[in-house]
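**Student:** Quick paste from TrEMBL:
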COMPBIAS  A:1-12  compositional bias 'Acidic residues'
COMPBIAS  A:13-24  compositional bias 'Low complexity'
REGION    A:1-24  region 'Disordered'
TRANSMEM  A:42-60  transmembrane segment
TRANSMEM  A:67-87  transmembrane segment
TRANSMEM  A:93-115  transmembrane segment
TRANSMEM  A:156-179  transmembrane segment
TRANSMEM  A:185-203  transmembrane segment
TRANSMEM  A:210-226  transmembrane segment
């Protein structure tokens with residue numbers, strides 16, 4: 001994550017151009033593009049995730065409008081996949097919503113962590129920026145805000161978050177098309193748990209988080225037959241409690 | 001949940017679920033961004049459990065897809081989805097790459113479904 005201006009330093013004849021090291025020298029959109037550029041390696045990671053969201057939507061019996069509607073309105077991958085799985089199993093509305101809501105609780109942490117960086121902005125801009133808050137946009141933006149305070153924060157974040165948003169929507173549409181045309185025997189929806197595994201492994205980074213994952217997985221398997229499809233929610237809550245207990249008794 | 005009254009080509013209940021999840025998620029996103037200045041810090045009471053939400057939720061999501069409890073231990077373990085999941089876990093651990101993990105898991109699934117167990 002370098003400043004655009006650093007590159008143009010060499011082209012300045014006297015090397016004293018006052019704007020040479022300013023992030024604004026690439027113009028109004030320079031910071032937006034910097035966000036897009038920095039997020040692009042992550043786009044490769046979320047593109048298959050978005051495809052899987054589209055495939056899972058078809059598998060759950062959703063049409064294109066509903067699949068895209070979900071990706072636009074919810075715009076949070078893991079919760080979308082969980083909700084789609086439950087919708088496919090005809091789970092009650094309250095369980096579908098409750099499960100997705102628990103999964104997205106973590107976003108509160110990102111909101112708290114990024115809030116000071118947006119404190120100078122007006123209410124409406126902040127309300128708009130909040131919509132684009134995802135794991136990836138958060139991680140990349142906060143790192144840049146700290147490394148490069150000169151940056152126009154909202155423009156950079158808009159570039160990163162907007163890039164993720166566009167790829168997420170395109171991926172969903174392609175996933176719906178792929179999901180509708182590949183035979184069921186290929187088991188493409190198996191990509192859903194594979195995405196979760198790809199995210200789970202790095203999330204189990206110490207003893208309490210590993211204990212949380214192991215407990216949640218075990219309880220979810222055993223509780224899979226619970227009425228109202230409450231197995232996932234029961235597993236997740238058990239895992240959170242075991243993680244907390246491990247933390248407390250590990251000290 | 002499908003099979004409700006048609007709305008925009010789908011069930012009304014699906015749309016209700018989408019909107020409710022979307023509104024709640026947006027509320028979480030906006031929460032501290034909106035409240036900053038009045039509430040600056042997440043209370044520790046909330047912060048600590050939130051740390052365990054990702055591993056707990058992801059494991060509770062993934063494992064039931066992989067494990068189907070069958071009458072015998074052998075039948076439970078000789079499951080193409082479980083084997084593919086274990087391979088994917090190893091790939092995720094080595095590479096931390098979503099695409100590589102999906103590829104490793106899917107190829108293993110197809111290998112066992114169409115070749116080994118066929």
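Along the chain as shown, residues are numbered 1 onward.
Cβ coordinates come from backbone N, Cα and C, glycine included.
Fair warning: this is a prediction, and the values are worked out from it, not measured in the lab.
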**Student:** So are the transmembrane segment (A:156-179) and the transmembrane segment (A:67-87) touching or not, going by 3+ C-beta pairs under 8 A with a sequence gap of 6 or more?
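**Tutor:** Contact between the transmembrane segment (A:156-179) and the transmembrane segment (A:67-87): present.
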**Student:** Is the transmembrane segment (A:67-87) close to the transmembrane segment (A:93-115), in the sense of at least 3 CB pairs under 8 angstroms with a sequence gap of 6 or more?
**Tutor:** yes
**Student:** Counting only residues 6+ away from its ends, which parts of the chain sit with a Cβ under 8 Å from the transmembrane segment (A:210-226)?
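**Tutor:** Distant Cβ neighbours of the transmembrane segment (A:210-226) are 200, 203-204, 232, 234-236, 238-243, 246.
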**Student:** For the transmembrane segment (A:67-87), give me same-chain residues lying six or more residues beyond its boundaries with a C-beta closer than 8 angstroms to one of its C-beta atoms, as numbers and ranges.
**Tutor:** 46, 49-50, 52-54, 56-61, 95-97, 99-101, 103-104, 107, 131-132, 134, 165, 168-169, 172-173, 175-176, 192, 195-196, 199, 229, 232
**Student:** Is the transmembrane segment (A:185-203) packed against any residues at least 6 beyond its ends, judged by a Cβ distance under 8 Å, and which are they?
**Tutor:** 48-49, 51-52, 55-56, 59, 77-78, 81, 85, 178-179, 209, 213
